[in-house]
Each structure stands twice: as structure tokens, then as C-alpha cells.
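Taken verbatim from TrEMBL:
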BINDING   B:SER47, B:LEU48, B:ARG49, B:THR50, B:TRP75, B:ARG110, B:HIS147, B:PRO148, B:LEU149, B:GLN150, B:CYS276, B:LEU277, B:ARG304  carbamoyl phosphate binding site
BINDING   B:GLU142, B:HIS176, B:LYS240, B:ARG280  N(2)-succinyl-L-ornithine binding site
DOMAIN    B:2-160  domain 'Aspartate/ornithine carbamoyltransferase carbamoyl-P binding'
DOMAIN    B:219-313  domain 'Aspartate/ornithine carbamoyltransferase Asp/Orn-binding'
Amino acid sequence: MKQFTSVHDVDSLTRWVNDAIAIKQNAQGFEDYGDHKTLGLVFLNPSLRTRMSTQKAAYNLGMNTMVINMDKEGWALEMNDNVIMNGRSVEHIKEAAAVLGEYCDILGIRCFPGLQNKEEDYSEEVLEKFIKHCGVPVISLESATRHPLQSFADLLTIREQATKPKPKVVLSWAPHIKALPQAVPNSFSEWMCRAQEEGLVEFVITHPEDYDLAEDFTKGATITYNQNEALKGADFVYVKNWSSYTDYGKVLTIGEDWMITNNKLKLTDNAKVMHCLPVRRGLELADEILDGPNSLVIKQAGNRVFAAQTVLKKILETNFTR
Amino acid sequence: MKQFTSVHDVDSLTRWVNDAIAIKQNAQGFEDYGDHKTLGLVFLNPSLRTRMSTQKAAYNLGMNTMVINMDKEGWALEMNDNVIMNGRSVEHIKEAAAVLGEYCDILGIRCFPGLQNKEEDYSEEVLEKFIKHCGVPVISLESATRHPLQSFADLLTIREQATKPKPKVVLSWAPHIKALPQAVPNSFSEWMCRAQEEGLVEFVITHPEDYDLAEDFTKGATITYNQNEALKGADFVYVKNWSSYTDYGKVLTIGEDWMITNNKLKLTDNAKVMHCLPVRRGLELADEILDGPNSLVIKQAGNRVFAAQTVLKKILETNFTR
Amino acid sequence: MKQFTSVHDVDSLTRWVNDAIAIKQNAQGFEDYGDHKTLGLVFLNPSLRTRMSTQKAAYNLGMNTMVINMDKEGWALEMNDNVIMNGRSVEHIKEAAAVLGEYCDILGIRCFPGLQNKEEDYSEEVLEKFIKHCGVPVISLESATRHPLQSFADLLTIREQATKPKPKVVLSWAPHIKALPQAVPNSFSEWMCRAQEEGLVEFVITHPEDYDLAEDFTKGATITYNQNEALKGADFVYVKNWSSYTDYGKVLTIGEDWMITNNKLKLTDNAKVMHCLPVRRGLELADEILDGPNSLVIKQAGNRVFAAQTVLKKILETNFTR
């Protein structure tokens with residue numbers, strides 16, 4: 001495995017989940033795998049969970065880590081080719097990526113979308129250029145359209161918590177005041193559609209009209225604008241806001257009535273509630289849910305370590321001899 | 001020991017100082033104690049000494065460290081309960097603390113007071129909520145009302161430098177142009193009052209009128225508004241500015257005549273001069289003192305490593321099996 | 001060796017290059033050298049390559065590293081003596097340096113020039129005060145007038161790539177829109193002049209009128225304002241902008257016609273092209289060069305690790321017993 005940027009880099013979700021469970025049971029059992037190896041974590045945007053969970057995963061594998069907050073510590077990057085760089089940008093991504101590849105054995109990169117230009121964001125040009133020019137294996141730490149380490153941790157959490165062989169999982173759009181990327185819901189949907197193919201879940205998406213996600217990510221999912229309908233009999237409710245894909249990057253409604261509450265939970269089969277965090281209490285999700293017994297949000301965050309560790313271990317095994 | 005946030009977490013100062021001296025003489029003798037353990041250092045405010053000395057202490061114990069400057073790298077935190085988070089704050093401290101507890105075995109947190117609301121600051125709500133929700137042992141890296149790692153290093157320095165069994169220690173208010181927290185003087189006073197109880201020092205506080213510290217921290221100390229009186233026969237002068245506690249957070253006077261100079265030192269018994277740093281030269285403390293033979297400020301800063309290492313070692317011994 | 005701040009700290013370039021080549025061939029062969037040692041990297045200005053390559057070098061030697069971005073994470077430093085610190089600066093460099101020396105066995109510092117006051121910048125007061133007060137060995141991570149780790153990596157790259165015993169090396173001024181320091185060209189020139197003395201290269205400098213570098217750095221070099229003349233038969237062209245030294249810190253011309261292109265390269269002996277990075281494409285250097293087979297810029301950046309590792313190893317060998 002040369003890279004981990006989407007579910008398409010995974011041969012079998014069933015196998016990967018089993019691998020992650022094995023690693024979780026023996027997190028320090030592989031600490032020679034990363035010996036003498038350096039993981040570089042490159043952030044073009046803020047991070048708490050992703051940085052710390054991935055650092056912890058690397059530490060468990062005996063790797064050295066170097067973090068660079070490019071926006072704050074480094075130089076403004078130029079992404080476009082064949083421009084005269086006589087403006088604000090100081091370094092081209094071609095050089096920046098290649099140099100980072102000289103210092104690190106594996107690189108992770110976080111590059112959020114601008115939410116101004118759909119084609120640009122969905123072409124994943126920053127991630128793709130980074131991969132092209134750095135010359136070493138790359139892990140996405142959340143790109144313009146996907147957040148695969150999160151989705152992997154989410155699937156792991158669902159499998160750990162499921163009490164049925166094929167639980168009903170509902171992705172439910174949530175209210176918000178700001179325009180957020182589609183990366184988390186795209187990615188979760190992509191993973192759940194695949195999980196459904198592998199017989200691991202039944203997957204339903206619900207959101208207001210005009211909030212349809214790009215079809216590439218939702219093939220196989222049941223999609224409905226009726227939240228109550230979707231929630232019926234659900235075993236897991238994955239709560240997440242996103243801005244419109246069709247009217248790109250726009251907040252079309254705050255949508256307060258879409259917030260999951262204990263009352264709405266009554267429609268479900270005592271569903272567990274998930275969120276990738278950070279979550280805005282009282283807006284995206286009711287306090288009573290987050291403080292109640294059905295919330296899985298901290299367990300999800302905890303599983304980020306083991307998702308990252310599984311991915312790093314696979315990359316180490318594939319690309320380096322010990 | 002589940003936490004270290006004040007002198008109340010210490011059973012015997014005499015014993016702790018001896019422990020710290022033993023560690024200082026053999027700093028690398030305990031490097032298996034922290035094996036496979038991760039210390040998270042969470043800063044809501046700037047830090048130089050505290051971060052680096054605690055990282056060094058952790059390194060000496062073989063621990064992994066992860067630093068997060070929450071204000072710069074992470075997300076704006078919400079501290080209040082039951083609010084609709086539709087403003088600037090992106091993540092609630094409940095989630096942030098719990099997540100950090102998933103990734104770290106021990107957490108340190110720095111959370112300065114706002115100096116706007118006495119009750120809020122003195123309730124230590126940020127520190128207390130952090131402790132409540134993170135689920136792992138917590139070390140204060142300076143909170144709204146205390147800086148116990150500093151006070152421990154200060155006591156260690158006094159014991160190392162003392163030439164009498166029971167030296168006279170004077171906390172002397174210093175001039176400043178900005179409103180500073182009472183955390184360092186509160187904490188130093190609390191530790192010295194306890195040290196006085198244990199027969200280790202004689203403790204005197206001097207400051208201008210209307211600069212009285214909260215009584216909780218000064219019980220047992222001799223307090224005088226007459227600096228010259230206080231300095232007579234002193235063996236150690238601890239210099240520190242603080243803003244008013246009674247007229248909360250206000251700078252009532254610059255107080256230039258309170259600056260300790262060589263001339264004032266003549267009143268003492270050739271006293272050693274201490275300051276927690278950073279110090280504003282020529283305002284808080286005269287150059288001639290800082291550049292002279294009586295200054296202990298660098299030794300104090302150096303001892304921060306061994307104070308932190310002693311605390312970390314005790315937490316490791318109490319909470320984890322090796 | 002107590003410090004590494006310029007070529008004057010190097011006894012023999014020939015020997016140092018050989019040492020670096022040996023380390024490059026066996027980068028992990030010395031990982032016990034830095035055991036229990038801590039390298040502090042102090043940045044008053046942004047950094048990508050220097051920080052990461054030096055961290056990697058330290059890691060290869062088994063050292064612990066601590067990075068502090070003083071401008072962002074720490075306190076504003078006062079550089080002047082005998083001032084009343086009642087303004088913006090919070091800590092004096094005397095204390096800051098001494099404290100850092102308490103926590104670290106070796107320190108690196110980056111301190112760019114202000115480009116306002118030639119005498120101040122060329123006195124290297126920040127670097128010199130830091131060295132004076134920290135009490136431990138110091139490595140320059142680029143100071144006001146020099147960037148010796150870069151120059152060492154550059155020389156290493158030239159020696160690796162040279163196909164003649166004494167290649168012709170040309171430092172060619174490049175166009176830019178901003179006022180840049182003279183540190184990199186000063187330092188490169190200083191190293192090449194010495195390399196010329198040792199018979200390793202022939203060294204030529206070319207730049208527009210009024211862009212002469214300070215004579216201290218260029219003694220022995222052939223200097224010409226005629227770029228075409230300089231490029232004739234060149235084996236290496238080192239491209240770099242700098243602001244005027246005589247009309248200090250000023251941009252006297254953008255100088256677009258000084259950009260090295262494939263056409264200009266025809267004048268050379270198929271010269272390899274070098275740049276310390278970051279480079280502004282289309283302004284300092286043509287895309288066709290950077291994307292073409294003659295560019296060495298990534299190899300140079302890669303060699304930063306081995307230059308730093310060689311310097312650190314020498315300092316460890318000289319100052320500490322194992």
C-alpha cells in the first residue's frame with residue numbers, strides 16, 4: 001500500500017477491522033515496526049484529534065514524528081503551475097512536497113477545501129500534487145473531499161458496538177451556522193456503502209433537500225429527506241453537518257429541527273449516536289445525547305489511534321524491510 | 001496521587017524536597033518509569049520554561065510527550081454548560097478533555113485567569129472541568145490561582161541554597177505596568193506557609209496596601225505593608241508582581257519604589273533574590289541584582305525540571321504498574 | 001568545537017565533506033552519540049527545511065529535540081541592555097538564553113536580520129548575546145549574516161555532483177520583489193572562498209551594480225556585473241536573491257533579466273543549478289530549470305540532514321563524554 005486516501009485503498013473492510021481490533025488489543029506489540037522511521041505530519045489547517053491520535057499511533061509503532069503547521073510555522077504555498085510567483089506565496093508545493101519527502105519516510109497531510117470552487121476542491125489538487133511530488137507513501141489527514149482515518153475509526157467503533165450482525169446505520173445531517181466541508185459525510189458514506197456491500201451494515205442517509213452529497217460517494221445508500229423515516233429502527237445515528245454540494249459551499253438553512261434529541265432517539269432501536277468531533281453542543285447535537293449513555297463520540301475519538309496505527313503498520317510492512 | 005494542582009496534593013514538603021534532590025542527583029536513573037507512557041501538555045496560554053522543563057522531565061523518565069497549543073493549533077473551547085454553541089467556540093471542554101484523556105496517560109494543562117471575574121477565576125472552573133472530564137491524572141502547568149510546579153522548584157532552590165536551618169523568606173510585591181495574575185504569589189505563599197508549619201522557613205509577605213492576597217493562601221504568614229521592615233534580616237527575597245485581589249485584576253499603582261535594588265538588599269542578611277521569570281529588567285528587578293551574585297533566578301528555572309520529574313515519577317508510581 | 005556559526009568554526013572543508021559523506025552512508029550508525037542529550041531549536045523566524053532536517057539529524061544521533069517558536073509560543077524578547085522594560089518586551093535575552101541552556105545540552109537558534117540597521121545586523125548581536133548567556137554549545141540555524149548549515153549542505157552537494165576536480169561555481173544574483181537578507185549569499189560566498197583556497201572549486205560571483213556583498217565574505221572571489229561572462233563554462237550556478245548591502249536592505253531593481261533560464265544555461269558547461277529554497281518560480285528561477293534535469297535543489301535540501309548531523313556529531317564528540 002503506497003497511500004491511504006480513501007476506502008479505495010482498502011481491499012477488505014472486514015479484514016481491516018479485524019486487524020484494527022488485534023492492534024487495539026496489543027497496541028505496543030509492534031513497536032519495532034517503525035524503528036528508524038520518521039512520520040511527517042503536515043497541516044495546512046488546524047487539528048487536535050487527528051494530530052494527537054496519529055502521533056500516538058506512530059509512537060506505539062516506535063516511529064519518530066515531526067509535525068509542521070505549514071500555515072503558521074512554514075511558508076505560504078503556491079498550488080498553481082506555471083505562474084510567476086510575485087505575490088504572497090513563497091514556496092511551490094512541488095518543492096515543499098519533495099523536500100518533506102527527503103526528511104520523512106511517510107507523510108500525512110491535512111488540506112481542507114476552500115469551498116469556493118467545486119471543481120477545484122473535488123479534483124483534490126493539493127493532495128494529488130503532494131502525493132505526486134513527495135515521493136514517499138502518503139496518508140490523508142483529511143483532504144478536500146474525504147477523511148478516511150475518521151471513517152475507519154467510525155467503522156471500527158460500529159463493529160465493536162454492534163449487537164446485531166447487520167445494524168442499521170443512519171447518516172443524519174445536522175444544523176450548523178458555518179459552511180463546513182463535505183469531507184466527513186462523503187467519506188463516511190463511501191465507507192458505509194462499501195460496508196453494506198460486504199454485508200456489515202445497512203446504510204441510510206437523511207438530509208434536507210438540496211443537501212445531496214455527490215453521487216460518487218453514496219452509491220448503494222438509501223437516501224431520504226424524511227429524517228423521522230430514516231431514524232426508524234436505527235442502531236447507529238451518525239450526526240454531521242455539511243454545506244450544500246449542489247449550491248456549492250452554501251449554508252441553505254440552519255435547520256434547527258434536524259438536531260438529534262432524546263425525543264428523536266425514541267424513533268430508533270435505542271441507537272448509539274456518533275459524531276466525529278468537534279461538535280457544537282445545543283446546535284448540532286443536544287447536550288442530553290452527548291452527556292447520555294447512547295453517545296459514542298469519545299470512543300470514536302479513542303479509536304482514531306488504532307485506525308491510524310493499522311494504516312501505518314500496513315504502510316510500514318509494504319514499503320520497508322525490517 | 002491522581003493530580004498535582006496545589007500544595008494540598010503533597011503529604012510532606014520535607015519528603016518531597018528530599019525526593020527531588022535524589023532525582024536531581026540521578027536524573028536519568030528512572031528512565032524506565034515512563035516506558036510506553038504519553039504525557040500531553042495542553043496550553044491555553046504561552047509558555048517557555050514550563051513547557052520545556054516538563055518535556056525534559058518526561059524525557060528523563062522515558063515518557064513520550066505531545067504538546068498542543070490549544071489557542072493556536074486547536075479549536076476555540078467552550079467552557080459553559082447548557083449553551084447553544086452558535087458563536088465563536090467550536091468545541092466544548094467536556095469533549096476536548098475527554099478526547100485528550102483517550103490519547104494521553106497523564107495530562108498537564110495551563111489555563112490563566114481572565115482577571116475580569118474573581119469568582120469565576122477563583123473557582124478554577126477550567127482546571128476543574130478539565131480534571132473532571134479527562135479521566136486521567138492531571139498536572140497543573142499554572143492555573144487561574146496557582147502555579148505549583150513553580151512553587152515546588154522554588155522550595156527546592158531555597159532548601160539547596162539555605163545556610164541556616166530555618167531561613168527567613170520574604171515575598172515582596174514588585175512594580176509592573178500590566179495586570180498580572182495572583183497565581184505565582186498565591187502558590188508561593190501557600191507552599192511557604194506549609195514549609196513554615198514543617199519548620200523549614202520563616203515566611204513574611206510585603207506589598208502595598210490594597211494588594212492583599214486571598215486569605216486562603218496566606219494563613220500563617222506575617223504580612224506587612226512596610227517593605228523595609230520585611231526585608232530586615234531576610235535570607236531569601238522572592239520578587240513578584242501581582243494585580244489587586246480586592247479590586248480584582250486592577251493595577252492600582254506602578255509602584256516603582258518597590259523594585260529591589262542593591263541598596264535595598266543591604267537591609268537583608270545578604271539575601272538571595274528569586275523570581276519565577278519572565279522578569280522585566282529595570283521595572284520588576286534591577287539589572288544589578290539580576291546580573292549580580294545574589295540572583296537565583298536561573299537556578300530556580302533549572303530546578304523546574306526536577307520538580308516536574310518528581311511529580312511525574314510519583315504519578316507514574318501511583319497510577320501505573322510497570 | 002563549542003559552536004557552529006560560520007566557516008571559521010571549520011578546520012578543513014575537505015575533511016568535513018568527507019565526514020559528511022561517511023555519515024550519509026551510515027546515517028543510523030551513530031545513534032548512541034546523542035543518548036540522553038537534548039537539542040533545543042529556537043526560532044525567532046519561520047522555518048521548514050532547517051527545523052525538519054536538524055530534527056531528523058538529531059533523531060539519527062539518538063538525541064531528544066525540543067522546538068520553540070519564540071515569536072509565537074514564547075514571550076517577546078528584549079535585546080538591549082540597561083533598559084527599563086516597561087514596553088512590549090516581556091523577557092530579556094539574558095534570562096531566556098540562560099534558561100534554555102538549563103534545559104538543553106546543545107542549542108540551535110534562528111535570528112534573521114531586521115534589514116533596517118546594517119551595523120546592528122552585522123554585529124550579530126542576537127546570536128552573540130544568545131551564545132554568551134546560554135552557556136552551552138550553539139548552532140546557527142541562520143543568523144543575520146550567515147546560514148552555515150545551508151552552506152555546508154551546498155558544498156557537500158557540489159562535491160557529490162562534481163565531475164571535475166575543480167569545478168567552476170557561480171553565485172548568480174536573482175530577481176525578487178521583497179527585501180531578502182544577505183545571509184545565504186554571504187555564507188555561500190564565505191564557504192566557496194575557503195573551498196577555493198583548499199583547491200576544491202573556482203568561485204565567481206555575479207550581480208547587478210550596487211549589489212556588492214560585504215568584502216569580509218567575498219575575499220578571493222572573482223566578482224563581475226556581467227552575468228553572461230560569469231556563466232561561461234560554469235559547472236554549478238547557485239541562484240539567490242539578496243537586497244542591497246551598500247544601500248542597506250533596499251530592493252534597487254526587480255531585475256527580471258537576471259532569472260536563470262534554459263537559454264542562459266547554454267552559456268555554461270551544462271551547469272547544475274542550485275538554490276537554497278524556498279524559491280519563487282518564474283521570478284527567481286524558471287520552471288523549466290526547476291523541473292529539468294539540471295536542478296539540484298531537492299538534493300541540496302536532502303543534504304541538510306547530513307550537514308546538520310555532521311555538525312551535531314562533532315559537537316557531541318567534543319563536549320560530552322559517552
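Each residue, glycine too, has its Cβ placed from N, Cα and C.
TrEMBL: automatically predicted annotations, no manual curation.
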Sequence gap of 6 or more, Cβ distance under 8 Å: name the residues on the same chain that satisfy this around B:GLU142 (N(2)-succinyl-L-ornithine binding site), in order along the sequence.
B:ASN45, B:THR50, B:ARG110, B:CYS111, B:PHE112, B:LEU149, B:GLN150, B:ALA183, B:VAL184
Of the binding-site residues B:SER47, B:ARG49, B:TRP75, B:HIS147, B:CYS276, within 10 Å of B:LYS240 (N(2)-succinyl-L-ornithine binding site) (CA to CA), in sequence order, we find B:CYS276
Sort B:LEU149 (carbamoyl phosphate binding site) into helix, strand or coil using the DSSP assignment.
helix
Other C-beta atoms within 10 angstroms of the C-beta of B:ARG280 (N(2)-succinyl-L-ornithine binding site) total 25
Residues from B:SER47, B:TRP75, B:ARG304 facing chain A - binding-site residues, CB under 8 A
B:TRP75
Among the binding-site residues B:SER47, B:ARG49, B:LEU149, B:ARG280, which ones place their CB within a distance below 8 Å of a chain C CB?
B:SER47, B:ARG49, B:ARG280
When the domain 'Aspartate/ornithine carbamoyltransferase Asp/Orn-binding' (B:219-313) is classified with DSSP, how many of its residues are helical, how many are strand and how many are coil?
33 helix, 15 strand, 47 coil
What does DSSP call B:SER47 (carbamoyl phosphate binding site) in the simple three-state scheme?
coil
B:ARG280 (N(2)-succinyl-L-ornithine binding site) and B:ARG304 (carbamoyl phosphate binding site), distance between Cα atoms, whole Å:
20
Average pLDDT across the domain 'Aspartate/ornithine carbamoyltransferase Asp/Orn-binding' (B:219-313)?
98
In whole Å, how far does the CA atom of B:SER47 (carbamoyl phosphate binding site) lie from that of B:HIS176 (N(2)-succinyl-L-ornithine binding site)?
19
Close binding-site residues near B:ARG280 (N(2)-succinyl-L-ornithine binding site), where close means Cα within 10 Å, chosen from B:ARG49, B:TRP75, B:HIS147:
none
Taking only the CA atoms, the spacing between B:HIS176 (N(2)-succinyl-L-ornithine binding site) and B:HIS147 (carbamoyl phosphate binding site), expressed in whole angstrom, is 19
Taking B:ARG49, B:HIS147, B:HIS176, B:ARG304 as the binding-site residues to compare, which has the smallest set of other Cβ atoms within 10 Å?
B:HIS176
Around B:LYS240 (N(2)-succinyl-L-ornithine binding site), how many other C-beta atoms are within 10 angstroms of its C-beta?
23
Check each residue in the chain of B:CYS276 (carbamoyl phosphate binding site) that is at least six apart in sequence and keep those whose C-beta is under 8 Å from its C-beta; list them in sequence order.
B:HIS147, B:GLN150, B:ASP154, B:VAL184, B:PHE188, B:LYS240, B:GLN300
Number of other Cβ atoms within 10 Å of the Cβ of B:TRP75 (carbamoyl phosphate binding site) across all protein chains:
19
The number of other Cβ atoms within 10 Å of the Cβ of B:LEU149 (carbamoyl phosphate binding site), counted over all protein chains shown, is 26
